[in-house]
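These came from TrEMBL, pasted as-is:
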| type | residues | note |
| --- | --- | --- |
| DNA_BIND | B:26-65 | DNA-binding region |
| DOMAIN | B:89-190 | domain 'CoA-binding' |
| BINDING | B:Gly100, B:Ile101, B:Gly102, B:Asn103, B:Leu104, B:Gly105 | NAD(+) binding site |
| REGION | B:223-261 | region 'Disordered' |
Number of protein chains: 2
Amino acid sequence: MATGRTHRPATRSRGIPEATVARLPLYLRALTALSERSVPTVSSEELAAAAGVNSAKLRKDFSYLGSYGTRGVGYDVEYLVYQISRELGLTQDWPVVIVGIGNLGAALANYGGFASRGFRVAALIDADPAMAGKPVAGIPVQHTDELEAIIRDNGVSIGVIATPAGAAQQVCDRLVAAGVTSILNFAPTVLTVPDGVDVRKVDLSIELQILAFHEQRKAGEEAAADVTQAAGTTNSAVAAKREDSATDQGPDGDVPAVMPA
Amino acid sequence: MATGRTHRPATRSRGIPEATVARLPLYLRALTALSERSVPTVSSEELAAAAGVNSAKLRKDFSYLGSYGTRGVGYDVEYLVYQISRELGLTQDWPVVIVGIGNLGAALANYGGFASRGFRVAALIDADPAMAGKPVAGIPVQHTDELEAIIRDNGVSIGVIATPAGAAQQVCDRLVAAGVTSILNFAPTVLTVPDGVDVRKVDLSIELQILAFHEQRKAGEEAAADVTQAAGTTNSAVAAKREDSATDQGPDGDVPAVMPA
DNA sequence: ATGTCTTTGTGAACGCGTGCACAAAGATTG
DNA sequence: CAATCTTTGTGCACGCGTTCACAAAGACAT
């Protein structure tokens, strides 16, 4: 039906649900793969399978973007790639800075996913003076002192924090003060930011712990009932646990530094 | 709660909502920090602030674990650390293998968060014969051929995939066939696994794209009358994100500048 | 054109997660 | 021991996201 006259529920014109936004990159990736194979059109069923989601959900997701499909046929791959790219803002260039060039920061700088599709590493920043000037992934590392100037001169609005936990909030504050409004945080810390600033966190530790939970549950299903009160309900259990965890983490148990920096 | 009419059909201790499980590591981290400062007890309000969540939500989360608090006082830090650790399965040792020792794999191997708190890097595996024997983070890299034997000999149930996208599914299949039932996937691919196997994915690209979406939306706010001519309705639920430091709304209109054809 | 077949787009129901608000529980004080 | 104060634990309502199921839309064959 194409555009027709503006005849849609005016109540929610452009409010794309957050859950949908989170899936758009997934669809885009699948579509890009199809595009490279020169597949002209794809049905919601096929694309959903490729993206690992329910087909009804996919259709509803796309319905928030508009009516880009053709009934009886499916979706035009190229067209959909473009529409989603535009919706996600990938048709423009996003300069990004990475702060904290340790093991992880360096790995991120080398990550191909950055360069492709709209994102460009504008600068690498580290607090260690010894790192200054040293090239990582072909880009010379700059000192933290330059942070504000870099953000300003390059019009950076997206920052990646890969510093140790202890430095993350401080770096975050400086980034925000300098004009960054979106932050991807790899440091194991809760960042506090003003309204209007988006923060997304990537936390290896948390992911592993969630997996451990499910893993334990699976194991417990075979071994049957036990768990719950086996350890008793007093602090003695805590004491015992602490003693035998000598090989644990030692005094610095807190935030395991993401990397030396 | 005792008066509740219909109890959960499922076993009691297993009825922990997924959303709650995902927050437990967050609480645990905050509690560990308090523990190191020798803070004896903490209220839901304080802990919630430290973890960056709503206090009611935190109390409800804890209520799924049991009644570990004392009204009028709060929660015993040490005791809660133990209870959450146990619930997450961190009181036992989890051998983990990392497959794909490139930039990212090496960074993960060096990540301190692994060693601490129950997780132990049992082996590093890479397909490149040139890597074999070469130590990374103090652990010699082993060839992919050894994968099955490593999994079996070490009783590994958690695998981390840090390979290129093209190799991920194949590696995944081998891990699963060898007995791994939990996978943390860093490769930008949708993994297909049998029932009973948990997969969590960490995808830098996706996170950046989500940030770009919101960034574009923020930018479109000011330059609303730009390239577009359509767009009449300036409605939307806006800001799904909310940080604790909520004070005022600020000039947060939203309004996407662009509109589908 | 007309009918049939395929696939989209979406109304509606359902379930989960969130946050409010408050009664109950226990500490603390007089 | 009684009164008061603090903080937990949770009933309840609301909103978001998911899924089903189907009518509408268009392609395609006759």
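Just so you know, glycine gets a Cβ as well, placed from its N, Cα and C.
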Least buried of the binding-site residues B:Gly102, B:Gly105, going by other Cβ atoms within 10 Å?
B:Gly102
Tally every other Cβ atom lying within 10 Å of the Cβ atom of B:Asn103 (NAD(+) binding site).
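That number is 18.
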May I have the DSSP-based helix, strand and coil counts for the residues of the domain 'CoA-binding' (B:89-190)?
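When I sort the residues of the domain 'CoA-binding' (B:89-190) into the three classes, I find 40 helix, 29 strand, 33 coil.
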Specify the count of other C-beta atoms within 10 Å of the C-beta of B:Gly100 (NAD(+) binding site).
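Excluding its own Cβ, the number within 10 Å is 25.
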Same chain only, sequence gap of 6 or more: which residues have a CB within under 8 Å of the CB of B:Leu104 (NAD(+) binding site)?
B:Ala162, B:Phe186
Mind tallying the DNA-binding region (B:26-65) by DSSP state, helix then strand then coil?
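The composition, in the requested order, is 30 helix, 2 strand, 8 coil.
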If you draw a 10 Å sphere around the Cβ of B:Ile101 (NAD(+) binding site), how many other Cβ atoms fall inside it, taking every protein chain shown into account?
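Result for B:Ile101 (NAD(+) binding site): 25 neighbouring Cβ atoms inside 10 Å.
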Among the binding-site residues B:Gly100, B:Ile101, B:Asn103, B:Leu104, which sit with their Cβ under 8 Å from a Cβ of chain A?
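It is B:Asn103, B:Leu104, listed by sequence.
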